[in-house]
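Asks: Next up is a structure, given as structure tokens.
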Amino acid sequence: MSGVELQPESTQSEEKEEPKTAATTISSTEETKTENPNVALDNLAKTPIQLILQPTPQTPAKTPETPRIQKINNLKKSASFDSKNQPEDSKTPKQRDQLIEVPSDEVGRVENNIDNLPFYHGFMGRTECESMLSNHGDFLIRMTEVGRRVAYVISVRWHYQNSHVLVKRTKTKKLYWTKKYAFKSICELIAYHKLNQIPFYDNMTLICGLARHEWQLNNEQVTLNKKLGEGQFGEVHKGKLKTSVFTPPVIVAVKTLHQNHLSANEKILFLKEANVMLTLAHPNVIKFYGVCTMKEPIMIVMEFCDGSSLEDVLLSKESKVSSEDKILYLFHAACGIDYLHGKHVIHRDIAARNCLLNSKKVLKISDFGLSVKGVAIKERKGGCLPVKYMAPETLKKGFYSTASDIYSYGALVYEVYTDGKTPFESCGLRGNELRKAIIGKSVILTIDVECPEFVKAIFEQSRLYDTEQRISSKRIIEIFKEEAGMHELDATGLFGRIGSFFSRVRRQKEAEPSVPILT
């Protein structure tokens, strides 16, 4: 999977591509003129399929009959219908213009459940798919939406170009076809063209089907239990993931997509989070198990953290977060952010609500719905944005970088040491007024509560307006190691070192602690 933005399928190829009456003999003359496989689908969408009335050698009949699909029982032995043995231009109009139904016994015994085909990948965006096509002849079958209808697409790599061919259906018999031959099922269409190496569109044949990855899960592997929350596109559940018949199921968190009233573009945006998480593996980043895209509901399966979010812990009235734990959580967050930046991932929504804790007090960065891959990007878009956490260069010009994540990390430090207060909560400004105030420096976030001096210095360096002067995640980690003795990510190993730091601070209570130089 690639991390670039995914584009929804074109909505040009809809019902107009299907025959308009019970007749299923169609014109493919224009189709054979397509020379560039990269625009095959687009050209087909622009060419209306016409009904072809078979000419009679005698005097024209008063009321010509509309021909039906031609059905032949010995297609493999018939050279006149074998596109491998006869060039397209040498065929007579009658041969070229007919859509031929291939009976099931001519195809042979095939798998009739498309979910069981190893190269069927379920719902997938075009760009995401193209990242998997690398060699000539590679192909996969995926599901998309054309308008509001679900359709199958054959995506193939052919002579260093990617093509996406929509599988169409006839009006009355609902047969599947792409070029010349029609079948009762999509599985028969694929099996026949692959076995006989007959071009399924232009001169393209199906050579090497790309199998699904381990992270492409079947819906049957996931069991949904307690609902944990609800988001923009769906719900979050606690559930179980069955990875093997020999091992017990894993407790997971599952994001499910609402099944109704969502466009293809919204579904692609939902899966964008999984696209970013694919290559991530770090103790301070939420673990990604996989996605279920074979059928509804579409799901993202992730690690379940049984310790709630950092925001909930900070706001809890039952117990106050200790000074030791505050240091611990901020160190873990810095480690997670540094790992993301090393993978060229900009999170774009660092906040206490997106930091999860497990039972061992290990913090994990989560929620990659706004994340992008890259070192720096410029994006101007509306919608609901976390203005109170965003950097001034983002609010002013839509510019995102690793430095803008560090600015948000400063807001996280503020949340931790104010026991969960929202940044700029007391200034009384909201929305565009707050955005202008942050850009114009008329409001500045400060920590006025008791806080270790080195943490306060990190906070101040992270909130600098000049992105070049802002502290880096690597330097933040170094300071935590130097000042608090942190060298391991294991929570148990950290407690002793944190304790020794605070013991030293208490012994030097009356002395003014030195402020580290942050470079």
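Quick reminder: no glycine exception, Cβ is built from N, Cα and C everywhere.
Annotated region 'Disordered' per Swiss-Prot: 1-39, 73-97, in sequence order. Marked as compositional bias 'Polar residues' by Swiss-Prot: 73-84. Marked as compositional bias 'Basic and acidic residues' by Swiss-Prot: 85-97. Per Swiss-Prot, domain 'SH2' is recorded for 119-208. Marked as ATP binding site by Swiss-Prot: VAL146, GLY147, ARG148, ARG149, VAL150, ALA151, TYR152, VAL153, ILE154, LYS184. Annotation source Swiss-Prot lists domain 'Protein kinase' at 209-490. Under the heading active site, proton acceptor, Swiss-Prot lists ASP349, citing sequence analysis as support.
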Asks: Let me spell it out: for each of the binding-site residues (VAL146, VAL150, ILE154), count the other Cβ atoms within 10 Å of that residue's Cβ, using every protein chain shown. Which one has the most?
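Replies: Per the Cβ count within 10 Å, the most buried is ILE154.
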Asks: Pull the DSSP breakdown for the domain 'SH2' (119-208) and write it out as helix, strand, coil residue counts.
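Replies: DSSP composition of the domain 'SH2' (119-208): 16 helix, 39 strand, 35 coil.
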Asks: Rounding to the nearest whole angstrom, report the longest C-alpha distance spanning VAL146, GLY147, ARG148, ARG149, VAL150, ALA151, TYR152, VAL153, ILE154, LYS184, listed for ATP.
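Replies: With VAL146, GLY147, ARG148, ARG149, VAL150, ALA151, TYR152, VAL153, ILE154, LYS184 as the binding residues for ATP, the largest Cα distance is 23 Å.
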Asks: Count the other Cβ atoms sitting within 10 Å of the Cβ of ARG148 (ATP binding site), across every protein chain shown.
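Replies: So the number of other Cβ atoms within 10 Å of ARG148 (ATP binding site) is 10.
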Asks: Please list, in sequence order, the residues in the chain of TYR152 (ATP binding site) that are at least six apart in sequence and whose C-beta is under 8 Å away from its C-beta.
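Replies: Set apart from TYR152 (ATP binding site) by at least 6 residues yet with Cβ under 8 Å, we have ILE114, ILE141, ARG142, MET143, THR144, LEU166, VAL167, TYR176, ILE186.
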Asks: To the nearest Å, how far is the Cα of ILE154 (ATP binding site) from the Cα of ASP349 (active site, proton acceptor)?
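Replies: Rounded to the nearest whole number, the Cα-Cα distance is 36 Å.
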Asks: Check each residue in the chain of ASP349 (active site, proton acceptor) that is at least six apart in sequence and keep those whose C-beta is under 8 Å from its C-beta; list them in sequence order.
Replies: ASP367, GLY369, LEU370, SER371, PRO386, TYR389, SER408
